[in-house]
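*Asks:* I have a structure I would like to understand better, so I am pasting it below and will then ask my questions one at a time.
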C-alpha cells in the first residue's frame, strides 16, 4: 500500500483562500462585525475555524527527545552478513533501503539550545520490503540505568524541579547516588563528547542488545554502532556557550545546510555479535545496558553505510509526527531479554498513541512502504478509506492468509518470579578504564565538571562522600583528586 495514496489534499493547490471544507473565503483580513465598529458576529465561521485550528496546532511535547531534527536518505549494505540474519534488507551487498533519521537532545524541551550537555538521540527508521525497522538509539553506547522500572524516576531527576521549574544539579546527583551503575554513562556525559559539535559529527549506537536470527534459526546477540565518516567532534564548555549564544538551533542548521549544499552526511554501520550460547563467558552481563562489549575480544564487523541526501519537506509532518519504537522490527532481527529494552518495547508505542493518537502508524512518515494488511479498524483520526466487508479472521470470504513462518529459535525459560538485580553488576571496572583512556587535560575537564555538579549548595556532605567513594572504586587517583577539590576526606 502506498502510504501517500490517502494523504489529504495539499492546501497549496487552490488559487484562492478557502475554509477547511473547501468553501471560498473572499476576505481573510477582517472579521464579520455589525457595522464598522460593532461587535464580531458568532456566525463568522471562517474566523471561528481559523482561531480554533490555531488553538490546536500544538500536540503534546515528547516527554524526552523533544528537540530534534530529521533528514532522509538511504542505507546500503556493503558487507555480507546473511550468515547472521535473514533480514531481507540485509540480504546482500548493494541492497539499498530508504531511511529517515531523527537526531535529538534528550532531557531538554522543544525550544532549548542544542549546545546543552545532554545525550543525543540517534533514531533510524528503515522502510524495508518486510515492514519498518526502527533502530532507536543514542550517541553514547551505554545508559544510566539497567532496569526500566527506574526510567520515570530518572527522567524526573533530570527534568526541572516541580517546584521551581529549573534543572538543578542536586536532584541529579542525589538520584544517581543510589545507582552506581550510572558511572559508566557519566564517563560519556561529563566527558567532552557530552556536547557534540553537531549531529553530523557524532557516533550513534543501538545501545540495547538485540538478537540476530539466521535462516537456519541460529541466534546471535548483537550491538549496533554508527560511525560518522567525517569523524567525531565536540564542543568544550566555553565553546558551547559561545555557539549557543549565537544560534540556539546550530545543529539543525548545520544538518539542513550541509544537505542542501550537497555535503551529504554519511555513517558506517558496524555490529558486534556474541553467540547466544556463550553469553555467560564474560565478567559482565551482555544484556546489561550500562556496559560496552570490549572491541578487542568482540570486534566490530562492517555491515553498510547510511547517507542522508534529502531534507524533510515539512517539520511538523516529518519530525514532530515522526514516531519510533524499538518494538518495530523485521524478521531476522528480534529483541533480547535486556531489561531496559523490554520496557522500551511497551513505553515507546504507548507514548506515541498519547502524542499522536491510536492511528499514528497511518501517518505517511510512519506508515510502511510495503503492502500491509490487518483488521485494526477505526479509532480516532482514522483517515484511510477501507471498503472490505470482512473485518475478522479467518474467513472463507477473504483470501488473506498467515505469512510464512520465519525462523525463531526455541527457548526454554525457567526460574522463580521475583524482582531482583542482575548477578554481574561490576559497576566500576569499565568506568575506570574509560577515564584512564583520557589524556591528562581531558581527565581534568571531566574532574572539574564533577566538582561543579557536587558543589551545588543543596548537595550534602553525605552525597559528596558517596560520589567520592564511587569514583575511587573506578580509579583511586580520580577519587583522591575529587576529594581534594571538594575538601573532604576520601572513604577509600
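Each Cβ is built from the backbone N, Cα and C atoms, and glycine gets one as well.
Relevant sequence annotations retrieved from Swiss-Prot are reproduced here:
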ACT_SITE  65  active site
ACT_SITE  138  active site
BINDING   348  heme binding site
*Asks:* Once the DSSP letters are reduced so that anything not helix or strand counts as coil, what is residue 348 (heme binding site)?
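*Replies:* Where residue 348 (heme binding site) sits, the three-state DSSP reduction gives helix.
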*Asks:* Roughly how many Å separate the Cα of residue 65 (active site) from that of residue 138 (active site), to the nearest whole number?
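*Replies:* One finds 10 Å between the Cα atoms of these residues.
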*Asks:* Calculate the distance in Å between the alpha carbons (Cα) of residue 138 (active site) and the residue listed as 'heme binding site', and round it to a whole number.
*Replies:* 15
*Asks:* If we count other C-beta atoms within 10 Å, could you say which of the recorded positions 65, 138, 348 has the fewest?
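*Replies:* Looking at the recorded positions 65, 138, 348, the Cβ with the fewest others within 10 Å is that of 348.
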